[in-house]
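The block underneath contains the structure these notes are about, expressed in structure tokens.
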Amino acid sequence: METAERISAAASAASSRRAKRLAQQAHKTHPVIQAKQNQMYLITTLSPAQVDNSLINRVLPKEVLLKVFSFLDTKALCRSAQVCRSWSILALDGSNWQRVDLFTFQRDVKTAVVENLARRCGGFLKELSLKGCENVHDSALRTFTSRCPNLEHLSLYRCKRVTDASCENLGRYCHKLNYLNLENCSSITDRAMKYIGDGCPNLSYLNISWCDAIQDRGVQIILSNCKSLDTLILRGCEGLTENVFGSVEAHMGAIKKLNLLQCFQLTDITVQNIANGATALEYLCMSNCNQISDRSLVSLGQHSHNLKVLELSGCTLLGDNGFIPLARGCRQLERLDMEDCSLISDHTINSLANNCTALRELSLSHCELITDESIQNLASKHRETLNVLELDNCPQLTDSTLSHLRHCKALKRIDLYDCQNVSKEAIVRFQHHRPNIEIHAYFAPVTPPTDQVVNRGGICRCCVIL
């Protein structure tokens, strides 16, 4: 018996000396390796009884565990909370709920769930996304706004049951709000904009796309009161008229991004107001605003010298008389979408090539008057910058276009759908020289001669087609 005890004591002493030696060596190694060695020593030197009593939540301090939980997303936190009582307390700690995204649970989220979450988060919550949660009502938002006054980022995209009442509570309690997405909240009106404008002066981003009930007055209130607003997204706001910015030009100096896609009532007067007021403008989308003419482009060329992205797809009244002065005045343009601007010719492309040296992406789809000559000029002037070129449905372009584009070093994608005079052989040759460039093209299958179909007696016409 004494011998066994002496052997056990000797083994324990040897183990202790070995552990000490490892610890000394660890000081000379990389910190990560040292940490792993110390961890392995801790695990391997525990007796079975000690292992049973040394769960992770007992070995690691609460502060460390909380830090680990802070890296988990909403779904992982919910799952972790079901492991044990200790983990439930840690997972549901308010400090882990500074950013909450319920998009994954959009179909299941009810008002009661959101209210409970608001009570749990309290003053910790800074970012909340209820994107697509169509079952959420004003009552849930009332709880959130009153209990989470430090909210800075809120997305209510497609929360169609949310009304002006929610915006009233946002203005009353959430004075730190700087990002608000109300896209497709179709019940929102100008009253909501009054509440937001009065109570959220730090707002820098607002998206009220497809909110049909919002009219000029609502947008004007926001621009007048929110001096830090630099991004305004108004896609599909059909209630806006050409005078929406007429009385607030002086309040648009901070605007850098403005999206007016499919605001059908806007005219050259609107663009003139934008150009006069939003002198810091870098991004403008007016696609499908089909009442604007060359006068709009002249105004932008005269005042919007910081413009980098301009989207004008579907603006069919625009032509060379507008784009040429635009190119001369907006020399920082990086992306320009002119799809369906079918009145432009090589003169526009040449002006862009000569003046807009930073141009990276250009869409010329359905610009049927442009030829190989202007593409050659564009390619020679933008060998180092051009990334994307969309040329689908440009019937005058030929194989020469690909020959010119072969030397554009930065090119990543070319669209050539329905360019009848560009051959398969030219595309194959291009891909051989530039295999890393995506080429999107389509060639209709050859229709079989009629006499071949007639000679197939006994086979129905459907089978011949198939």
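Placement of Cβ uses the backbone N, Cα and C atoms for every residue, glycine included.
What Swiss-Prot says about this protein:
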- 54-100: domain 'F-box' (DOMAIN)
- 122-147: repeat 'LRR 1' (REPEAT)
- 148-173: repeat 'LRR 2' (REPEAT)
- 174-199: repeat 'LRR 3' (REPEAT)
- 200-225: repeat 'LRR 4' (REPEAT)
- 226-251: repeat 'LRR 5' (REPEAT)
- 252-277: repeat 'LRR 6' (REPEAT)
- 278-303: repeat 'LRR 7' (REPEAT)
- 304-329: repeat 'LRR 8' (REPEAT)
- 330-355: repeat 'LRR 9' (REPEAT)
- 356-381: repeat 'LRR 10' (REPEAT)
- 408-433: repeat 'LRR 11' (REPEAT)
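In the predicted structure, the repeat 'LRR 10' (356-381) carries a mean pLDDT of 98. Counting residues 6+ beyond its ends, the repeat 'LRR 6' (252-277) has Cβ neighbours under 8 Å at 209, 223, 227-238, 240-246, 283-293, 295-296, 299-300, 302-304, 311 in the same chain. Per-class residue totals from DSSP over the repeat 'LRR 6' (252-277), listed helix then strand then coil: 10 helix, 3 strand, 13 coil.
For the repeat 'LRR 5' (226-251), same-chain residues at least 6 beyond its ends with a Cβ under 8 Å from one of its own Cβ atoms are 178, 183, 196-197, 200-216, 219-220, 257-267, 269-270, 273-274, 276-277, 280, 285.
According to DSSP, the secondary structure content of the repeat 'LRR 2' (148-173) in residues is 10 helix, 3 strand, 13 coil.
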